[in-house]
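Now, the feature entries from TrEMBL:
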- Gly11, Ser12, Gly13, Thr14, Met15, Gly16, Asp34, Glu93, Lys98, Ser120, Asn144, Lys276: NAD(+) binding site (BINDING)
- 6-185: domain '3-hydroxyacyl-CoA dehydrogenase NAD binding' (DOMAIN)
- 187-284: domain '3-hydroxyacyl-CoA dehydrogenase C-terminal' (DOMAIN)
- His141: site 'Important for catalytic activity' (SITE)
Amino acid sequence: MVQMKKVGVVGSGTMGTGIVQLAIQNGYKTVMFDISNQAAQRAKEQLEKILARLVEKGKLTKADQAEALACLQATTEMDLLKDCDLIIEAASEKLEVKQAIFKQLEAICHDKTILATNTSSLSITEIAGALKQPEKVAGLHFFNPAPLMPLVEVVSGINTNEQTVEQLFAWANSLKKTAVLCKDTPGFIVNRVARPFYNEALRIMNDGVASVEQIDRIMKKAGHFKMGPFELQDLIGIDINLATTKTVHQNYYGESRFRPHYYQERLVQAGRLGRKTKGGFYTYE
Ligand SMILES: NC(=O)c1ccc[n+]([C@@H]2O[C@H](COP(=O)([O-])OP(=O)(O)OC[C@H]3O[C@@H](n4cnc5c(N)ncnc54)[C@H](O)[C@@H]3O)[C@@H](O)[C@H]2O)c1
């Protein structure tokens, strides 16, 4: 088994930043790559702030903070990923974007590098389809916020080999996560189960049965959910959530139970993507 010493994360948005935090706090040298310099720098500053806050709260020592930050390299140069043992892609939820990234990674990395994707719903088999070594590709699906959520889905594509799956289980366990094995099916386990949570909430709201605030409150108070469906969509990113619903719907050949809701599409068209744009169903300061 390859000892994971250096990891790469492609995409430094909501999920990439969280995965990088986990990696550096667990002592992995980590290259955080984004095509946007602004995104990479913003993520670096965010990580510095998060670690400083953890020190203030007494959850991290100053020495731990310094060690974690020493593990971090933020860049827009893809070449710096070439000697990573594991690369986790957390870029936009678009098949063509992910396929292009994996092709570029395969061309620059050594042949033992494991290539994982944090995709919420796209087919691992299809992402890996055009590669020379699809057996080294798998899904490694973290949940938002990655540093806090205990579950990670390890998704095995048709061509993924056992060694790749084993290595990803071992790595996820080293981050103190619970890993579960999933087949490469649309939405895997959690995102498939979660589709009606969002879709039915949108339909209930649109039918005028209850408001956004009421539905969230009821699900939390009476249903004991940590977050209501609208708060959660704002946290996830409405664009990301819509993309996931569209893929699951399409990949189940248009099954109506997964049909997306047009209001989600309207919010995306309006640029109201949730917390990351300071507003979605709710408005944030
Ligand atoms: N948001 C969630 O709650 C959540 C949860 C689990 C999985 N995911 C999945 O994780 C992935 C990332 O989601 P996110 O919410 O972090 O997205 P995001 O929009 O917050 O961030 C995406 C980042 O990728 C960068 N990017 C785009 N194209 C790139 C490229 N070619 N090379 C390098 N960087 C590129 C963007 O500049 C941006 O910084 C998606 O596949 C999504 O489905 C998201």
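Cβ from N, Cα, C; glycine included.
Automatic prediction, not curation, is the source of TrEMBL annotations.
Structure with TrEMBL features highlighted.
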residue : record                                  : Cβ contacts under 8 Å, 6 or more apart
Gly11   : NAD(+) binding site                     : Phe33, Asp34, Glu89, Ala90, Ala91, Ser92
Gly13   : NAD(+) binding site                     : Asp34, Ala39, Ala43, Ala90, Ala91, Gly237, Lys276
Met15   : NAD(+) binding site                     : Ala90, Asn118, Phe142, Asn144, Ala146
Lys98   : NAD(+) binding site                     : Glu89, Ala91, Thr117, Thr119, Leu122, Ile127
His141  : site 'Important for catalytic activity' : Asn118, Thr119, Ser120, Val152, Glu153, Val154, Val155, Cys182, Phe188, Val190
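Counting residues per DSSP class in helix, strand and coil order gives 63 helix, 3 strand, 32 coil for the domain '3-hydroxyacyl-CoA dehydrogenase C-terminal' (187-284). Scoring each of the binding-site residues (Asp34, Asn144) by how many neighbouring Cβ atoms lie within 10 Å, the top position goes to Asp34. Comment: NAD(+) site residues Gly11, Ser12, Gly13, Thr14, Met15, Gly16, Asp34, Glu93, Lys98, Ser120, Asn144, Lys276; largest CA to CA distance 21 Å, whole number. Asp34 (NAD(+) binding site) falls outside any helix or strand according to DSSP and counts as coil. For the domain '3-hydroxyacyl-CoA dehydrogenase NAD binding' (6-185), the predicted model reports an average pLDDT of 97.
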